[in-house]
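What follows is a structure written as structure tokens; I'll ask about it next.
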Amino acid sequence: MKQAGFPLGILLLFWVSYVTDFSLVLLIKGGALSGTDTYQSLVNKTFGFPGYILLSVLQFLYPFIVDPENVFIGRHFIIGLSTVTFTLPLSLYRNIAKLGKVSLISTGLTTLILGIVMARAISLGPHIPKTEDAWVFAKPNAIQAVGVMSFAFICHHNSFLVYSSLEEPTVAKWSRLIHMSIVISVFICIFFATCGYLTFTGFTQGDLFENYCRNDDLVTFGRFCYGVTVILTYPMECFVTREVIANVFFGGNLSSVFHIVVTVMVITVATLVSLLIDCLGIVLELNGVLCATPLIFIIPSACYLKLSEEPRTHSDKIMSYVMLPIGAAVMVFGFVMAITNPQDCTHGQEMFYCFPDNFSLTNTSESHIQQTTQLSIVNISIFQ
């Protein structure tokens, strides 16, 4: 919302969710047309070995540029402990269907976190000054916003794993499941984005929890719930990366020993990356434009266009022709903008409105609204 402009941001969320819904169905249709049952085999049959390698790299890299749990105090210790205690054991499962109940718990916690964000929009929002450009229709960083939204909706890399876990999987059943899932997801995203942006407007950060004050016990509980959702959700990403390694280097099958070795290797490297990075905004943007965008916009459309024998005027083909150049543009321009204009990150420092004496200052001086967190804290001490 901060990057795109609030009204345009809402429209873009609906658009990205629609594209995600369409491309997920398109992906399984492509699998049915080619007689394949994995994302890699679909691309391999459609575009040969070069396409297979490109997709494998994208799927392999996706879990390694996710930075979970950077809001906790003593994050290095807690990330390490939670990884060994929870993430690694869950990632060692061989059947992704066994994570169904775990994912349900994660969904419930997400709903709880949403309730906390909505509550703080009511109780905290009126006390935080609104920035000048808070309600403009569109902003020049909208492409970056599309990258972040794409990251939020990406699930293509494990679509075939989930599809194969269905009882009597069919394209029709998959389509119904995807339509329902995307509708629920887009409304959760809209509520999160709207409540978060209404609370903080131009001060909103890439990691929304960085905006809240450290002495807010309710939000601290929300941070804990968020950490748990990451712990419970991340094993699904490990499944994909492990499958890529198995397909590329082991002919699709891993022995029990190599299953454990590869899982430990993937989890270890991903954990090390998360320990080194503490700013979520740039991670979301780069992951969105470099991995999520080609996996959502480009590859499913390209596979379907090459495999389908439908006429060019067919609605699926028209939509695919539209998605391809848009995805390419978002990928290129989004990457450039993410590097040249990264999101703000306070790296765990308190925002200026968390200091009681600063409320009167910010409401009476426009210059305070334009300051960064550090400058605002300095200004408070000077005036005092």
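Note that Cβ sites are derived from N, Cα and C of the backbone, with glycine treated the same way.
The transmembrane segment annotation in TrEMBL covers 6-28, 49-66, 72-90, 102-122, 142-166, 178-200, 257-277, 289-307, 319-339. Sequence annotations record features per position, and here TrEMBL assigns domain 'Amino acid transporter transmembrane' to 79-339.
Looking at the shown structure, what environment does each listed feature sit in?
Among residues of the same chain six or more beyond the transmembrane segment (6-28), those with a C-beta under 8 A of the stretch's C-beta atoms are 39, 42, 134-139, 142, 145-146, 149-150, 152-156, 159-160, 163, 171, 174-175, 178-179, 182, 185-186, 189-190, 193-194, 197, 296-297, 300-301, 303-304, 316, 319-320, 323.
With a threshold of 8 Å between CB atoms, the same-chain residues lying at least 6 positions outside the transmembrane segment (142-166) that come near it are 1, 3-5, 8-9, 12-13, 16-17, 20, 23-24, 27-28, 31, 37-39, 42, 58-59, 62, 95-97, 100, 173-174, 177, 182, 185, 189, 206, 236-237, 239-240, 243, 284-289, 291-293, 295-297, 299-300, 329-330, 333-334, 337-338, 341, 343.
Same-chain neighbours of the transmembrane segment (178-200): 1-2, 6, 9-10, 13-14, 17-18, 20-21, 24-25, 110-111, 114, 117-118, 120-121, 124-125, 128, 149, 152-153, 208, 211, counting only residues six or more beyond its ends whose CB sits under 8 Å from a CB of the stretch.
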So which residues does the transmembrane segment (319-339) touch in its own chain, when a touch means Cβ under 8 Å and the partner is 6 or more beyond its ends?
19, 22-23, 26, 141, 143-144, 146-147, 150, 282, 285-286, 288-290, 293-294, 296-298, 300-302, 304-305, 312
